[in-house]
Structure formats: structure tokens, C-alpha cells
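First the structure, in the form of C-alpha cells, and then the observations on it.
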Amino acid sequence: MAEAHQAVGFRPSLTSDGAEVELSAPVLQEIYLSGLRSWKRHLSRFWNDFLTGVFPASPLSWLFLFSAIQLAWFLQLDPSLGLMEKIKELLPDWGGQHHGLRGVLAAALFASCLWGALIFTLHVALRLLLSYHGWLLEPHGAMSSPTKTWLALVRIFSGRHPMLFSYQRSLPRQPVPSVQDTVRKYLESVRPILSDEDFDWTAVLAQEFLRLQASLLQWYLRLKSWWASNYVSDWWEEFVYLRSRNPLMVNSNYYMMDFLYVTPTPLQAARAGNAVHALLLYRHRLNRQEIPPTLLMGMRPLCSAQYEKIFNTTRIPGVQKDYIRHLHDSQHVAVFHRGRFFRMGTHSRNSLLSPRALEQQFQRILDDPSPACPHEEHLAALTAAPRGTWAQVRTSLKTQAAEALEAVEGAAFFVSLDAEPAGLTREDPAASLDAYAHALLAGRGHDRWFDKSFTLIVFSNGKLGLSVEHSWADCPISGHMWEFTLATECFQLGYSTDGHCKGHPDPTLPQPQRLQWDLPDQIHSSISLALRGAKILSENVDCHVVPFSLFGKSFIRRCHLSSDSFIQIALQLAHFRDRGQFCLTYESAMTRLFLEGRTETVRSCTREACNFVRAMEDKEKTDPQCLALFRVAVDKHQALLKAAMSGQGVDRHLFALYIVSRFLHLQSPFLTQVHSEQWQLSTSQIPVQQMHLFDVHNYPDYVSSGGGFGPADDHGYGVSYIFMGDGMITFHISSKKSSTKTDSHRLGQHIEDALLDVASLFQAGQHFKRRFRGSGKENSRHRCGFLSRQTGASKASMTSTDF
């Protein structure tokens with residue numbers, strides 16, 4: 001093959017005159033450019049680390065300080081109180097003619113020491129300021145005097161033009177809550193779902209735990225909190241994710257969707273080219289720390305540690321425990337198409353390929369007529385197998401096909417060029433969205449490399465999607481990247497009138513490299529077994545997408561309520577109607593206010609929420625009575641959410657106590673019971689408009705339809721939701737078809753009914769009032785209400801397969 005000749009930089013040969021070496025100038029040039037890029041990257045990383053280390057100060061502040069000291073010295077003033085003279089005495093004596101140089105060096109050393117002390121003081125002061133969470137606990141719109149003072153001080157100490165990791169040294173550590181408070185909150189959270197007998201027994205176990213073991217476990221936990229960056233996040237990653245032996249597919253991955261109404265181009269290769277270029281632009285900005293840190297209220301920074309592993313990252317399977325492999329750089333992506341794997345370079349001559357050049361390379365892969373090797377088509381099903389099984393097979397695969405395996409695992413990310421279309425269609429909008437969600441979550445079980453940090457999925461009609469492995473980071477991080485990608489590839493890079501990427505192709509680029517897998521016979525049976533298991537798991541998932549458009553965030557805002565709390569309480573009503581009982585409910589809340597914080601659980605099924613649900617199902621209760629109970633439930637949920645965000649949650653603390661007890665070989669019936677609980681309703685809100693790269697009000701059809709995840713329990717639901725602009729909410733519901741207790745479509749109908757019933761309690765929502773509140777009768781008005789969102793502009797930009 002032609003590219004094989006470019007694999008080496010010289011060719012030795014033996015002649016009658018001796019050995020000769022023929023150097024290849026193009027390859028040597030590539031080696032030089034690659035080394036130059038590597039050195040530039042190292043220098044850039046060093047400089048950025050220096051800038052973030054001295055933040056909120058800057059190198060200019062050192063120069064100002066040094067100049068001030070020199071000026072004072074020139075005016076025969078000694079701001080060092082004699083220290084500079086002592087420093088001069090310690091410097092070598094180079095003779096009288098260099099006496100002035102010694103003074104300058106002494107001033108520079110003193111300025112550096114003083115500058116370092118000031119930086120340390122700023123770090124400590126900012127860390128103390130950021131440890132204040134009173135602002136979080138105050139009612140929305142009612143800012144107290146201490147909070148106003150705090151905001152002013154944060155502005156003073158925060159510096160200017162922060163880089164992505166500028167605040168990392170100043171973030172406070174996550175506090176260890178009081179074990180008595182945690183146990184009390186836990187008992188309060190399970191009271192609505194336990195019988196009196198079960199609750200009394202749980203309370204006895206809790207008191208026994210507090211009396212016998214809690215103080216010892218808490219002591220070890222506090223010791224870790226003083227030593228480690230975060231007392232729980234590393235254990236959460238290890239024991240919840242990396243030590244789990246379940247398949248990643250459905251159990252530990254989640255998906256993100258493209259624009260709901262718009263597909264910028266129907267050309268698969270063009271969409272892939274722009275998307276990959278946008279993703280690598282994001283990586284470039286990430287490496288240079290040009291992405292600004294996320295700030296709450298425009299002032300309070302969130303931890304940025306999770307951004308480090310977005311790209312060049314793979315979860316490597318192990319027999320007992322996986323590990324995360326992260327490379328500093330990668331100049332290729334791994335591509336899967338029609339059962340074949342390709343290694344496609346993303347850079348040429350030290351520069352990122354243009355979108356048009358990337359489109360050209362993807363088109364070459366699409367046009368490649370070569371068939372898949374035996375069992376190559378289903379090879380990726382191994383990544384959907386139980387982790388221990390995949391680890392054993394990978395050991396053999398690494399021996400037999402090391403080069404191909406390294407090309408996939410060492411890629412910046414994985415790209416799957418699917419042969420089928422996806423997205424919203426005119427013929428059957430509901431079914432098409434459900435199929436779209438299922439394709440992103442599980443695919444066919446063998447067309448995603450689930451170990452990669454994320455897989456970019458490009459469908460045949462140009463629709464995009466993302467499948468994300470969960471261990472390395474949480475949804476807001478990948479959502480931030482995805483938001484940048486969609487906005488950049490559509491609004492900044494754009495497409496020509498014929499749907500191609502802008503620019504010109506590069507015919508000099510080598511063909512993408514087809515990966516060769518030398519698969520031994522013993523692996524064939526493992527692949528077949530993994531494929532069978534992946535298909536069973538994939539076909540068992542029931543995905544349902546509910547675009548609800550009768551009202552959205554603007555209506556909830558007019559009711560003066562938290563939009564997230566509004567949805568959470570409505571979900572309790574919907575789930576009760578679906579199952580006839582209350583259950584443990586998991587809502588993910590972020591703890592990135594702290595260094596290396598990840599998530600905390602909000603236990604949304606509260607006593608207050610249950611009281612509201614019972615009132616809604618009681619025909620004797622009036623609307624004002626239900627509304628009063630609803631407001632109480634919302635206030636309680638808000639209090640729990642704020643407590644979780646400020647490090648005063650329940651579940652991460654109990655989890656860490658349980659891990660310590662296992663290390664100490666202590667048996668705690670209470671912690672064992674807590675650890676064995678099943679979350680039958682797992683929920684999460686998908687963040688949106690984190691970067692504000694375009695105004696969604698001016699482009700209402702360019703809204704992402706969010707994403708979803710699999711259920712946490714075999715007899716439970718996974719529900720995610722996203723506020724699309726001001727007038728639409730999209731729900732992603734998942735469950736297991738094998739369960740006789742769940743039905744994603746049924747819950748979707750209950751969610752729509754519950755939203756309308758709750759809205760009808762408010763004066764602004766009287767037009768939603770229905771005759772039989774709580775009856776579960778279908779209201780067809782909102783079944784296809786989202787179709788009215790389509791505008792003339794969006795119609796013109798949609799492909800034939802889109803609505």
C-alpha cells in the first residue's frame with residue numbers, strides 16, 4: 001500500500017560498496033514538525049500552568065512590584081527593612097564593576113519572595129471567601145448585606161481574565177458533614193416510603209451505628225479530607241464506576257442529541273468533517289486553557305478538573321478494576337463504518353486539517369469498498385460485555401492485534417458512521433425520536449467503542465449524536481463541549497450551498513489507514529458471546545422521548561418557582577400514578593463548588609412531595625389546598641438541592657463512611673442497608689446554554705433535544721429533562737422491557753398529564769384545567785403540540801427525512 005512506504009524515514013540497503021541509507025525527506029519533515037508541535041505544546045502547557053499558579057496575580061504585577069522596589073531603592077528608601085542588603089551579601093562577589101548588578105538581583109529576589117507571599121495570601125483569602133455559601137441558601141432575588149459584601153470582596157480578589165484552571169488553587173475542599181446530621185436527614189428521606197415497622201427497624205440500626213461505629217469512621221474520613229483534594233470523589237470514581245463489572249452500555253453511558261428540528265446538511269461526510277473540526281477546535285482551546293471557567297452568578301467559579309480527560313481518554317478493562325488511560329495528545333481519530341475500523345489523521349504539517357479536508361477523508365472511508373475481516377464487524381461488542389470478560393479477551397487481543405488496538409484506544413475519540421438515518425421524521429415523529437434515542441444509547445451493540453471517553457455518531461442523513469462513557473466526568477462537562485460543537489459547526493464553520501464543508505479538498509492527503517485485526521480463533525467465540533449479550537441488553541431497553549410544548553421555563557418563571565423543583569414534584573405525581581406507590585428518587589446535583597467535586601444526590605421523594613401527591617389524588621381537596629402543598633414541596637426540594645450543592649448532602653457522606661468500614665473490615669448493618677437500596681426513579685436535568693454562543697430566542701429551532709441514560713434499576717426508570725428555550729421541555733425516559741412494572745410510554749403520558757394538572761393550579765395556567773384532574777385520561781392536545789414549533793426558516797433547512 002502507498003502509505004506503507006511512508007512509515008519509515010530511511011531505507012537501508014547493502015551494495016558492493018557497502019551499506020547505504022536512503023533518507024526520506026518528507027518523512028523526516030513530518031518527524032520534525034511533529035517534534036516541533038510537541039515542544040510547543042509542552043511550552044504552552046508550562047506557561048499556562050505558571051499563569052494559573054500565580055492567579056489572581058499576573059507576571060505584570062511582578063514587574064510592577066520590582067519596578068516599585070527599584071524606584072524606592074533609587075530614592076534611597078529600603079522597603080525591605082534591610083533584607084535586600086542581606087540578600088546582596090549572600091550573592092557572589094563579581095567585583096566592584098558588578099556592584100549594581102548585585103543590587104538589581106537582590107531587588108529581583110526580594111520582589112519575587114514578596115510576590116510569592118502576596119500570591120499565597122490571595123489564594124488563602126479567595127479560598128476563605130469561596131467557602132461562604134450563605135448566598136446559596138438565601139431566597140432568590142433577596143440578597144442579604146453579608147452576601148453583598150461577600151460579592152464585592154470576591155470581585156476584588158478574583159483577578160481579571162481567568163483561564164480555565166485559574167481558580168483551582170483557590171477552591172475550597174468539600175466539607176465532611178456531621179454524621180449525626182447525615183443520619184437524621186437519611187431517616188427523614190426514607191420515612192415516606194417505608195412502613196412503620198420497617199422505619200422503626202431502620203431507626204434502631206441508625207442509632208446503633210451512631211453509638212458504636214460512626215465516630216471512628218468519621219475520624220478517618222476527616223483525616224482524608226485534610227490530606228486529599230476531595231474526601232469522596234476518587235472513591236466515587238473507583239468503586240461506583242471503575243470497579244463495577246457490569247457492561248458499560250446502558251449501565252454506564254449516556255447520550256446527547258443533535259438539534260431537534262434542523263439538520264444543517266444531509267451529507268454524512270460533510271457533517272462529520274465540520275463536527276470533528278469543531279471538536280478539535282474545542283480541544284485546542286482546552287489545551288491552551290482559553291475556555292473560560294464556569295461562574296455561578298457571574299462570580300462564583302466551579303471546579304474545572306473534569307475537563308482534563310475529555311479527549312485522548314479510554315477506560316481500560318481490568319479483571320477486578322478498570323483504569324482510565326489519558327494521553328496528552330493524539331493526532332488521529334478512530335472511525336467505524338460498515339464493520340471496518342480506520343485510523344484517520346486529523347493533522348497535516350503540524351496543523352489541524354480543514355473541515356473540507358476532513359470531509360474528504362470521511363468520504364474516502366464511505367467509498368471504500370473493502371469488506372470487513374472475519375468477526376471484525378462485531379469486534380466492538382466486546383466493549384459492551386461484562387468488564388471482567390472483556391479484560392480477559394483484551395489481553396489476548398493486545399498480543400495478536402496490538403497496533404490496531406492502540407490505534408483505537410489512543411485516538412482522540414471514536415467516530416461511528418452509521419448506515420441508517422435518524423432524527424425526527426414527518427411520518428412518525430414519536431417513534432422516530434424513540435429510535436433516535438435508542439440508537440445513541442445502545443446502537444446495535446457492536447458499532448460503538450464504549451470504552452472511549454465519547455463516540456461521535458454521524459447518521460447517513462447527516463444527523464449527529466454523542467455516546468459518552470460516564471466514569472471520567474459528568475454530563476455538564478460533555479454538555480459544554482457538545483454545545484460548543486453544535487454552535488461552531490453550524491454558525492461559524494457553516495456549509496456551502498450544496499451542503500459541503502467550506503473550503504477546498506486536499507488531494508495530497510494519504511488515504512485513511514484501514515486497521516488490520518489478526519483475531520485468533522479463541523476470540524471468535526468471545527465476540528459471538530459478547531454480541532449475543534449486547535443484543536439482549538440493547539433490545540431490552542425501552543427508550544421514549546417526550547417533547548412537551550404547551551409551556552416551559554417562562555411559564556414556571558411567571559409562577560415565581562424554581563423550574564427544576566417544579567419538574568421534580570410533577571415527576572413524583574406522575575410516578576405515583578404510574579406505580580401507585582412512592583419510591584426512592586435520585587436527582588443528580590453538582591458539587592463543583594468544591595475542588596474536584598462531582599455530584600451529590602437529592603432525594604426528591606420527600607414527605608412534603610408525598611403530601612402534595614396525595615392531595616392531588618384526593619377529589620375532596622381544592623385547588624388552593626393543592627397549590628399550598630405544592631409550594632411547600634417546592635420549598636423543601638429547593639432546600640435539599642442547596643444543601644447538596646453546599647456539601648451537606650446525605651448519600652456521598654454515607655457512601656464514604658461505607659467504604660471506610662470496608663477498609664477497616666467493620667460490619668455495619670445500617671451502612672449495608674443504605675448501600676443496598678435501589679433507586680427506582682433516577683432523574684437528572686440536562687444543562688443548556690452554558691456558553692451562550694448564539695441567542696436561542698433569535699434561532700428558536702436550533703435547540704438541542706438533550707439526552708438521556710439507562711435506568712438504574714431493572715424495575716425502575718431513568719428520566720432526564722431539558723428546558724429547550726422558554727416554551728418547551730423535553731423528557732427522555734428509559735426502562736427495561738423485561739420488567740412488568742415499568743413502561744416508558746406509559747410514564748411519559750403520566751408526566752404530560754401531571755405537568756398540565758400542576759400548571760392548572762396557578763392563575764396563569766387556568767386554561768390547562770381539565771375536567772378530571774388525576775384521572776390519567778389522555779389529553780391529545782399536547783401529543784403533537786411540539787410540531788407547531790416548526791417555522792418556515794426551519795422547514796427550509798431540514799432534510800427530506802426531517803420533520
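Even glycines carry a Cβ here, placed using N, Cα and C.
Around His470 (active site, proton acceptor), a 10 Å sphere centred on its CB holds 19 further CB atoms from the protein chains shown. Taken from Swiss-Prot, the feature active site, proton acceptor covers His470.
The CoA binding site annotation in Swiss-Prot covers Gly552, Lys553, Ser554, Phe555, Ile556, Arg557, Arg558, Cys559, His560, Leu561, Ser562, Ser563, Asp564. Sequence-distant contacts of Gly552 (CoA binding site), defined as residues of its own chain at least six apart whose C-beta falls under 8 angstroms from its C-beta, comprise Phe723, Met724, Gly725, Asp726, Gly727, Met728, Ile729.
Feature annotation from Swiss-Prot assigns (R)-carnitine binding site to Tyr586, Ser588, Thr599; the stated evidence is similarity to another entry. Around the Cβ of Ser588 ((R)-carnitine binding site), a 10 Å sphere holds 19 further Cβ atoms from the protein chains shown.
As annotated by Swiss-Prot, compositional bias 'Polar residues' applies to 788-803.
The region 'Disordered' annotation in Swiss-Prot covers 772-803.
Annotated topological domain 'Cytoplasmic' per Swiss-Prot: 1-52 (among others), in sequence order, evidence recorded as sequence analysis.
As annotated by Swiss-Prot, topological domain 'Lumenal' applies to 76-103.
The topological domain 'Cytoplasmic' feature in Swiss-Prot is assigned to 127-803 (among others).
Among the features that Swiss-Prot reports, transmembrane segment is placed at 53-75 (among others).
The transmembrane segment annotation in Swiss-Prot covers 104-126 (among others) and rests on sequence analysis.
For Ser554 (CoA binding site), applying a Cβ distance below 8 Å and a minimum sequence separation of six or more within one chain yields Asp726, Gly727. Our reading of the CoA binding annotation (Gly552, Lys553, Ser554, Phe555, Ile556, Arg557, Arg558, Cys559, His560, Leu561, Ser562, Ser563, Asp564) yields a largest Cα to Cα distance of 14 angstrom. Closest in space to His470 (active site, proton acceptor), of the binding-site residues given as Ile556, Arg558, His560, Ser562, Ser588, is Ser588, taking the CA atom of each residue. Within the set of binding-site residues Tyr586, Ser588, Thr599, the entry lying nearest in space to Ser562 (CoA binding site) is Ser588 (CA atoms).
Between the CA atoms of Thr599 ((R)-carnitine binding site) and Asp564 (CoA binding site) there is a gap of 16 Å. Reduced to three states, the DSSP call for Ser562 (CoA binding site) is coil. In the three-state DSSP scheme, Thr599 ((R)-carnitine binding site) is classed as strand. Candidate binding-site residues: Ser562, Thr599. Fewest other C-beta atoms within 10 angstroms, Ser562.
In the three-state DSSP assignment, the secondary structure recorded for Ser554 (CoA binding site) is helix.
The two recorded residues, Asp564 (CoA binding site) and Tyr586 ((R)-carnitine binding site), have Cα atoms 13 Å apart.
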